[in-house]
């Protein structure tokens, strides 16, 4: 049977966009279906790009970002010298203007790129009629389209339990928070995961008194313990309070105040952010019509080739669950297309970097100290504080740190962890070293530009080599 398209991609976030671009290289006829009405998906319009732009806008408009890693808290600095740039009032409109500008620029680039490459885009919500046919419900009409291969890349959205009265006026989820229209004086963040912790630090930088409620003893439990403790300490210095080991009993609104009841206490604030997890966008797809069932966690199960249980239907990105990163989703989309059209490709990497855009930012690749202990490795650590780097001193980042975990006997690099300025940039040097099976003594023999933050690798490695 002849189909209208070689490939139909549902969704145009990192996974969908990269899948479409890869299919163009292979000479395929492609249709991208995007429900939102503009390309880029939640990644560009409601998620990664807006939130990271908001963070950068906060640092830009409140003053130099390194104020948040100095020896004095923001409150102490402003008490001593109120005329400092970062002590001046910033409006939410200022922040929105920055975010909107970046989104428009990104949308223009994506739209131009897809158009230039001849990729068709259809606006509407897709649902399966059968395993090769989709009904696309657009704003004006419905269309039926057929594809030889179909890739599902519809992403995810914030989890919003029925017993949490989210109204995006006082009680918010993360997408609504980007359009809050105001900077609250007080804020409660429920959830110590990546999204909750990132927003806690961003609003603290704006002068909001933030309380982070979490069931764990510290936020971001997956971090290397030393890095996590460093972040928690810096957050505390910058005005974030913590209520650990708290189980939420109820959340409600009383006028313009959000009230959170835990097992131990009642908290209230001008704004409450509920940031406990995300769910896959699958309910409108009618997957059962294609013969696909979700797993127990609500994700689409796939094999190592990103095939669903229906061989010509693939799924990538947040809809398949972990790791649910924009970076990994992009690679998954590319690889799925190559698998689908039987083009040679390498396996998905077993090691990849993570970035957390808190203030200060964090990045990691490989094993944590806790994992080394759990696996019984004879490990050691080389570290350097940014206060010992010329670039750290120049940039006033004296609380940042890079640490390299390595096997004591073989020198094999097991993990790299960074907190501080440019952490998400310089992590890739460590990533490449791990992929290339380099040892700790590789870095001391390298030449790094100076003064740079990348120079931290050489100094940390010298520290590590001295301990062998």
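Each residue, glycine too, has its Cβ placed from N, Cα and C.
The average pLDDT computed for the domain 'FAD/NAD(P)-binding' (5-333) is 93. Marked as domain 'FAD/NAD(P)-binding' by TrEMBL: 5-333.
The FAD binding site annotation in TrEMBL covers 52, 154, 155, 156, 318. Taking a C-beta cut-off of under 8 Å and a sequence gap of six or more, residue 318 (FAD binding site) has these contacts in its own chain: 15, 155, 156, 278, 280, 281, 324, 329.
For residue 191 (NAD(+) binding site), the same-chain residues that are 6 or more apart in sequence and have a Cβ closer than 8 Å to its Cβ are 213, 214, 273, 274, 275, 276, 277. The NAD(+) binding site annotation in TrEMBL covers 191, 192, 193, 194, 195, 196, 197, 198, 277.
Per TrEMBL, domain 'Pyridine nucleotide-disulphide oxidoreductase dimerisation' is recorded for 353-459.
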Inset, instruction - Kindly report the helix/strand/coil residue split of the domain 'Pyridine nucleotide-disulphide oxidoreductase dimerisation' (353-459) according to DSSP, in that order. - result: 37 helix, 31 strand, 39 coil
Legend entry - Integer Å distance between the CA atoms belonging to residue 195 (NAD(+) binding site) and residue 52 (FAD binding site): 11
Legend entry - Nearest of the binding-site residues (193, 195, 197) to residue 154 (FAD binding site), judged by Cα-Cα distance: 195
Legend entry - Residues flanking the NAD(+) site, with Cβ no more than 8 Å from the Cβ centroid of 191, 192, 193, 194, 195, 196, 197, 198, 277 and excluding those residues themselves: 189, 199, 219, 220, 275, 276
Inset, instruction - Please list residues from the chain of residue 197 (NAD(+) binding site) whose Cβ is under 8 angstroms from its Cβ, counting only those at least six apart in sequence. - result: 189, 212, 219, 220, 231, 235, 356, 358
